[in-house]
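Annotated in Swiss-Prot:
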- SER9, ALA10, MET11, ASN12, ALA13, GLY14, LYS15, SER16, ASP87, GLU88, CYS89, GLN90: ATP binding site (BINDING)
- GLU88: active site, proton acceptor (ACT_SITE)
- CYS145, CYS147, CYS182, HIS185: Zn(2+) binding site (BINDING)
Amino acid sequence: MAQLYFYYSAMNAGKSTALLQSSYNYQERGMRTVVYTAEIDDRFGAGKVSSRIGLSSPAKLFNQNSSLFDEIRAEHEQQAIHCVLVDECQFLTRQQVYELSEVVDQLDIPVLCYGLRTDFRGELFIGSQYLLAWSDKLVELKTICFCGRKASMVLRLDQAGRPYNEGEQVVIGGNERYVSVCRKHYKEALQVDSLTAIQERHRHD
């Protein structure tokens, strides 16, 4: 039986690398995969999933108006799909997560979703909220804070490198804009208005 998987983490935990490896594993066995990524995130070019270690794959784009079940069913009828993989799945809508569950339940195709659990305010993304609620399997991909603890929070930095937790939920950016930290240092960085000061304090402890 196919299942719906949600692989979640903070930033820079290797989600895209894990997705590309999973897709390759299917393809190596002669199976066909379909990869999706969010249209909104074009840091590495539109229409592809790229990892920080240099791997990449062509990808279909989804936005808030995409009818994923209809798209996947139509393509599956033309040529069998053995696995659907979705990068940046935090940007899915509630309806799209439901449609992906229908891909699993009605078409018997496994769906593997990779994305962030929470935003820079520590609040769930809509896509992540419903994947946490409806997935068959939840898998945490771990990364670490500068202190060595598990990083479960994401700090957003302004142009001067200061952390802040106000503004729009979605602002696309990489390491210059976001950094993954543990909960303790997330709170401390916001309290003192400086990630650098917290890092310096930790080095001297």
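Glycine residues also receive a Cβ, built from the backbone N, Cα and C atoms like all the rest.
Values in this document were obtained by computation on a predicted structure and should not be read as measured data.
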Within 8 Å of the Cβ centre of CYS145, CYS147, CYS182, HIS185, which other residues of the chain have their Cβ, at the recorded Zn(2+) site?
ILE144, PHE146, GLY148, ARG149, ALA151, VAL181, ARG183, LYS184, TYR186, HIS202
Out of GLU88, CYS145, CYS147, CYS182, HIS185, point to the one nearest ALA13 (ATP binding site) in space (Cα versus Cα); all of them are recorded positions in the record.
CYS145
Let's check the environment of CYS147 (Zn(2+) binding site): how many other CB atoms sit within 10 Å of its CB?
15
Which number gives the other C-beta atoms within 10 angstroms of the C-beta of CYS89 (ATP binding site), all protein chains shown included?
30
Validating a neighbour-count step here. Other CB atoms within 10 A of the CB of the residue listed as 'active site, proton acceptor': how many?
25
Taking the Cβ of CYS145 (Zn(2+) binding site) as the reference point, list residues of the same chain whose Cβ is under 8 angstroms away and which are at least six residues distant in sequence.
ALA151, SER180, VAL181, CYS182, HIS185
Cα-to-Cα gap, ASP87 (ATP binding site) vs CYS147 (Zn(2+) binding site), nearest whole Å:
28
Please give me the binding-site residues out of SER9, MET11, LYS15, CYS147 that lie within 10 Å of GLU88 (active site, proton acceptor), comparing Cα atoms only.
LYS15
So what sits near LYS15 (ATP binding site) in its own chain, CB-to-CB under 8 Å and at least six residues off in sequence?
TYR7, SER9, ASP87, TYR114, GLY115, LEU141
Write out the long-range same-chain contacts of MET11 (ATP binding site), meaning residues 6 or more apart in sequence whose Cβ is under 8 Å from its Cβ.
LEU116, THR143, VAL154, TYR178, VAL179, SER180
Cβ packing number for ALA13 (ATP binding site), 10 Å threshold:
21
